[in-house]
Amino acid sequence: MLSASVKWTEAVTVVEQSRDGVTPTAATKLNSSTVKEKQPNSTDVSEGNKGMNEEEEEDREDPKTKDEKAELDCPPLGLESLGVDDSQIRASSHQRTGLGPHRGRLNIQSGIEDGDQYDGAWCAEFKDQHQWLEVDAIHLILFTGVILQGRNSIWSWDWVETYKVQLSNDSVDWQTCMNGTEEAIFKGNQNPETPVLGLLPVPTVARFIRINPQTWYSNGTICLRAEVLGCRVHDPTDLYFDQHERGSRDNLDFRHHDYKEMRKLMKSVTEECPDITRIYTIGKSYMGLKLYVMEISDNPGKHELGEPEFRYVAGMHGNEALGRELVLNLMQYLCKEYKKGTQRVVRLVTETRIHLLPSMNPDGYEVAYEKGSELAGWAEGRYSFEGIDLNHNFPDLNNIMWDAQESAADATKVSNHYIPIPEYYTQEDAMVAPETRAIISWMQDIPFVLSANLHGGELVVTYPFDCTRDWAPQEDTPTADDAFFRWLATVYASTHLVLANPDRRICHYEDFQMHNNIINGGAWHTVPGSMNDFSYLHTNCFEVTVELSCDKFPHANELPVEWENNKESLLVYMEQVHRGIKGVIRDKITKQGIANAVIKVEDHDHDIRSANGGDYWRLLNPGEYKVVVWAEGYFPSMRRCHVGMEPHPTICDFTLTKTPIQRLKEIRAKGEKIPKDLQLRLRALRMRKLRASTKAINRRRESQQLQMRRARSS
């Protein structure tokens, strides 16, 4: 029997060894066409770039290891990534529509209810050795292997334990893969979820492939999810062969980067664009891996007055690897296009301070990376090393705010922003991941305005609130800025090449097209303690979650296409940081900026605060707004601000005047003499207070006398 637990990196070696001894006459083949050579689609990193300075020795790899990593084996055909259409998959039989052959895709997820049309595998109607799942590759393929899973289900346990593989050119005459003189029997699964790789003893060229189960879990039935590995074969009869090759024109490093390789790439970008880039760390993971951030700005390392701060965060779930690679691609792209003088990028870099965190959960990613893109499964590497889901690990400020509103006599007096972190969260025994603590400190240090959290495994953009009231499992739970959040989500979704395609297939079992590919987080499923909600309630920053693709960990050969799918969305979303109003709040006399001033927008029950320099940014849709600004020790100020359709902010500056009492406190603190004008203002203020209090007393006295007269007359 063939090994059922071979790792992806090992699979490359095994197949290459088999191929070395194969000749056109000796190989088991159904077609003698030659295989088109596949080369890594990546840029070279110079020998001088060995990682961050303090870790250069650690990053030096053995040349042999580096060569093995660069060697590409045949990629997946595309069952998981939906590159293979439903019409290309057939089966001998199926139990019902929801368990049809189109559901036999690696890592496909079922709905909660068994029995609907979106179940978690292909399942044969009959339990015998004549059942099969067939894939039509359309083109000639050098097939090298098969990856199998069991059925994804809460209620049922089903998987295939052994199987045969059959190949054909016409779907009529079939040849069974041989292991020497005997038919090859491949080891399948021992549980429903763990992917198992079976390598063909001899890679074989054909168009059709069948998986033919031989034995299955004794208490179950024949059910499987599959991926097929194979290289496209050059076909001289296909006049359009080269046109089928998909990719990107951008010269970027399209491959998966582990921790060391990520550091090298980031350093290479800073060396290429030293004037606009800076690398810094915000903390370490549980296993001591640094959380690296790249800043891209025309003045790196400094917050410029009036310039908004933007961030992309990827890799919160370690096995959702596409976001990590897109952020790394974005670093390279911004650097290269800035050097070319591309006006759109130059404007972004000079007018925005951009922060890119490619890996929030590096420990989890290393676990998934070691298994490889197809063998990591659906959950391997998702959590932190401690087993914490980082997207549930932030303080639940939603319920703190909602509880306070319900118990308050006047709910409008309850704080709707900058809600403090609760005491329980700061205790020594609180289960807070070091990665989460690092992100919170980062948020508190930098006045971020806009952010997106990049995930994977679905195609949809979600927006706050993620947590529902009263712990409802699903319920639309809008924020006070629901209209602008919907705009943000729509901007990304409508420019994403796959999300915007009305003919696309749904990923698993939920059709988000009926919601225009955006959805309120709580309406999808409740997530208490999410980063999005915390960002909105504890800081000024608006944040959405982008589910980038059906496949959490796409194969390296799919990364160029995924970059093209997301490139425009990544750029246009960053540009939204310049929507709404912005300005500087200053002291009338000193002209100094006022930090921590509160900015209130009428009919928007969510306030924001000014940064240390007195500058602020309030994201708003086009319209007319009444804006009130106040700060401790100052009289409030009101302005009407107009937000136009243009993608740039309206400038709304404010000048605040200190109250006489505040001026008096400051003068007394300095031990100075009170100016005469201030003495007169304080005297007038005391007279106004005296008149007001006297008036209130007289009204109360008149009311009491009236009540007494009514009591006597009755």
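Placed from the backbone N, Cα and C atoms, the Cβ positions cover glycine too.
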Can you check which of 175-194, 235-254, 695-714 TrEMBL lists as region 'Disordered'?
695-714
Take every residue in the domain 'F5/8 type C' (72-231), average their pLDDT values, and give the whole-number result.
94
For the region 'Disordered' (695-714), the number of residues DSSP places in helix, strand and coil:
19 helix, 0 strand, 1 coil
Restricting to the chain of GLU547 (active site, proton donor/acceptor) and a gap of 6 or more, list residues whose Cβ falls under 8 Å of its Cβ, or answer none.
HIS455, GLY456, GLY457, GLU458, LEU459, VAL460, VAL461, THR462
